[in-house]
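Undergrad: The Mg(2+) binding site feature in Swiss-Prot is assigned to Asp457, Asp463, Glu466, Glu467; the stated evidence is sequence analysis. Swiss-Prot lists 40-149 with the feature domain 'tRNA-binding'. Under the heading domain 'B5', Swiss-Prot lists 402-479. The domain 'FDX-ACB' annotation in Swiss-Prot covers 698-789.
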Amino acid sequence: MKFSHNWLNEYLGDTQDSQNLADTLTLAGLEVDAIEPVVAEKVSGVVVGQIKTINKHPDADKLNVCSVDAGEDELLTIVCGASNIYEGMKAPVAKIGAVLPGNFKIKKSKLRGQESFGMMCSEEELGLAEKADGLMDLPIDAPVGTDINKYLNLDDNIIEVDLTPNRADCLSVYGIAREVSALTKTELKNLEIPEPKVVIDDTKEVNITATDACHAYYGCIIKNVNNKIQTPLWMVEKLRRSGIGSISFFVDVTNYVMLLTGQPMHAFDLDKLEGRINVRYAKNNEELTLLDQTQVKLDCDTLIIADDKKALAIAGVMGGLDSSITDSTTNIFLESAFFVPEKIAGKARKYNLHTDSSHRFERGVDPQLAKKAMKIAIRLINEIAGGEVAPIHGAEDLANLNKQIKINLSIKKLNHVLGTNFDIEYVTEVLKALHMDVATSFDGNCIEVIPPSYRFDLEIPEDLIEEVARIYGYSKLPETMPKYAAAKTNISETYQSLDTLNMRLIDRGYHETINYSFIDPKFDEFFFADRGIAIQNPISQDLSIMRQSLIPGLINTFKANTSRQQNRVRIFEKGACFKLQDNQRIQFDRIAGLAYGELLNINWSNSKKVDFFDVKADVEALCNDLTSLSFEVCNDINWLHLGQSAYILANGNKIGVIGVIHPTVLKNFQIKAKAPIVFELDLDVLIKRQIPNFTKISKYPSVSRDISFLVDKSVLAGDIIKAIKALNINILKDVSIFDIYESQDSDRKSIALNMLFQDNLQTLDDKVIVESIDKVLEALKTKFNIEQRV
């Protein structure tokens with residue numbers, strides 16, 4: 001929102017300089033982005049002048065010799081080449097000694113032998129415009145000899161405020177003035193709402209069928225207006241200083257009223273309208289040519305203004321070309337309305353548009369402003385362009401327009417939140433300065449507040465507390481240490497914190513990553529048989545499917561790292577995954593990791609590449625609280641390498657997978673590095689910590705025995721361990737494999753086991769140990785056909 005400081009002062013008086021004003025607004029939450037002078041460089045020695053006579057230059061066809069009244073005793077002779085001059089014209093005159101932008105000093109000069117005692121100026125030469133085709137044509141009532149700085153109010157600054165979406169009430173000069181009045185305790189001048197001088201009875205019937213989207217629509221017919229009238233200079237300048245160029249008189253008036261009040265308006269050519277005015281939703285694919293000459297096909301959820309034959313405008317966004325005002329328009333239909341913000345939001349973006357009107361209607365316009373703004377516009381048109389004014393006519397839903405929100409605010413709560421000691425009188429004074437209705441409750445500690453119609457962002461007590469803090473000044477609030485009431489928190493011993501899981505992987509050299517929850521459809525298709533959940537409005541096409549696993553994201557991160565010369569990668573991620581199950585969207589949490597490259601960072605000792613068993617050890621460390629972790633061969637996951645992958649089980653239930661990424665994955669996704677090892681686990685299982693049972697430590701010595709045997713290569717070492725543990729030998733405390741040897745010349749392999757025996761009641765003798773070992777060997781011979789080595 002840009003505005004002229006001088007224009008603001010018309011409603012406040014000369015309050016403070018622009019920098020102080022900017023500081024006041026910024027500290028109150030209305031951030032000022034920029035302060036710029038109206039002219040970048042000051043002008044001096046320039047006055048209002050009037051051309052008395054014009055004669056052709058004797059030696060130059062394109063030059064004229066003018067006699068100019070600059071308010072001095074004698075007329076000035078000035079040579080001028082502008083094409084738009086005429087006798088009686090008033091224009092800025094730079095006298096000898098004047099200084100223009102660029103430190104351009106005016107001196108007495110000769111042009112083709114003709115002396116010139118000054119220069120008549122265009123907007124460009126005064127620094128008011130980047131380009132101008134001729135002299136600046138001043139109004140005929142401009143006082144000759146008046147300093148141009150004073151006449152054009154050039155001692156002014158343009159202030160630009162970056163408003164948050166909830167402060168649509170400040171998208172107008174008067175809205176900013178209201179705010180400054182409350183902040184500085186300056187008297188706010190009333191906005192004059194003149195009653196139109198009605199002289200004809202013509203009206204247009206208004207029919208609102210989209211009552212959920214439009215709560216008020218007013219129209220006014222003005223006939224026989226002067227279509228040759230030029231926009232007054234004062235209005236052109238106010239528009240320019242607000243960042244809006246002059247287009248035509250009627251458009252300029254609606255823009256001026258919008259900047260002043262915040263109410264967007266539109267003017268139609270009355271003679272191009274057929275029948276009633278209808279506020280309705282568009283028919284699907286209904287066509288409309290807009291003012292910028294683009295043709296759009298409308299969707300059925302787009303609110304439009306139409307007559308009985310055709311669409312006229314996209315409501316709250318932009319008018320149509322076919323009903324627009326032209327140079328030949330003499331009869332106009334002026335529109336002012338209140339549209340529900342939610343029904344306008346997003347419509348401009350849908351049709352690749354952004355207008356000042358849509359910017360305001362999307363954020364919300366004062367529902368009680370439409371008719372007031374129309375009265376201001378009617379008076380301006382009538383006074384400047386003449387015409388015969390008809391009554392304002394329309395349709396309105398007063399119940400919605402006059403809807404009020406009542407908020408109960410506790411002064412005790414306000415002081416508790418802000419750390420202040422405000423009394424009820426001060427809080428009431430602040431809220432009344434913001435034009436709120438305030439009533440005190442019977443106990444004197446609570447007030448009932450009704451916000452003004454334009455402050456629809458105020459709904460709950462906390463909103464009012466913020467308003468009091470803003471007006472009082474955030475910088476003046478007392479600094480107090482936050483109060484913390486310590487309360488005993490019962491944390492279950494069966495819960496494992498996510499931070500603990502994080503640290504277990506970080507301690508083993510992993511780095512946490514965070515990827516999008518969306519993946520490329522080609523990843524989804526390759527990794528999963530069932531298609532994932534599609535996103536209706538994706539960021540991009542390659543992020544349009546909700547992830548069913550964390551692995552695709554880790555592989556993408558792995559690719560990005562290895563393509564940038566990272567030869568050792570350890571990454572993990574935890575997060576939500578999503579899938580369709582029985583036509584229901586299911587969300588579940590996972591933790592996954594990826595390892596690649598050297599086992600250790602570069603050092604003086606010989607290193608080795610990370611392998612399956614290294615990552616298996618990482619998984620075992622991560623699952624330290626699971627008392628019955630095991631692994632089972634996995635042959636049915638297409639993106640893991642056959643023979644180098646396994647399911648991870650807890651208490652016999654599958655909770656995850658581990659394995660080497662299949663080479664086809666690397667090929668399909670153009671990854672040049674060798675295959676990494678990955679794992680993924682059900683996070684819900686890991687955070688449910690298993691509490692170990694107490695086991696008494698034996699005071700008797702343990703006995704260790706080794707056995708070695710041959711077994712078929714197809715037999716898994718893990719199955720042998722399971723078979724031994726299934727015998728439930730009480731004195732067998734632990735069994736582990738310490739050597740495996742395989743020969744190319746044999747279909748059998750050698751496995752060496754270590755068994756640890758201990759009794760809680762007595763010292764073991766060899767006979768008991770031998771019996772236990774024999775029991776183990778007999779079971780293994782029966783199940784796996786082992787052959788003991790001696």
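Cβ atoms here come from the backbone N, Cα and C positions, even for glycine.
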Undergrad: Do any residues at least six apart in sequence from Asp457 (Mg(2+) binding site), in the same chain, have a Cβ closer than 8 Å to its Cβ, and if so which, in order?
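TA: Looking at Cβ-Cβ distances below 8 Å from Asp457 (Mg(2+) binding site), excluding near sequence neighbours, one finds Asn166, Arg167, Asp169, Asp463.
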Undergrad: Glu466 (Mg(2+) binding site) has how many other Cβ neighbours within 10 Å of its own Cβ?
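TA: Result for Glu466 (Mg(2+) binding site): 16 other Cβ atoms within 10 Å.
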Undergrad: As a quick check of your reading of DSSP, tell me how many residues in the domain 'B5' (402-479) are helical, how many are strand and how many are coil.
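TA: Secondary-structure composition of the domain 'B5' (402-479): 33 helix, 13 strand, 32 coil.
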Undergrad: Out of Asp463, Glu467, which of the binding-site residues is least crowded by other Cβ atoms within 10 Å?
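TA: Counting other Cβ atoms within 10 Å of each of the binding-site residues Asp463, Glu467 gives the minimum at Asp463.
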Undergrad: Run through the domain 'tRNA-binding' (40-149) and tell me, per DSSP, how many residues are helix, strand and coil.
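TA: Helix (H, G, I), strand (E, B), coil: 6 helix, 48 strand, 56 coil.
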Undergrad: Over the domain 'tRNA-binding' (40-149), what does the predicted model average in pLDDT?
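TA: Across the residues of the domain 'tRNA-binding' (40-149) the model's pLDDT averages 91 on the 0 to 100 scale.
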Undergrad: For the domain 'FDX-ACB' (698-789), jot down how many residues DSSP puts in helix, in strand and in coil.
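TA: Final tally across the stretch: 28 helix, 33 strand, 31 coil.
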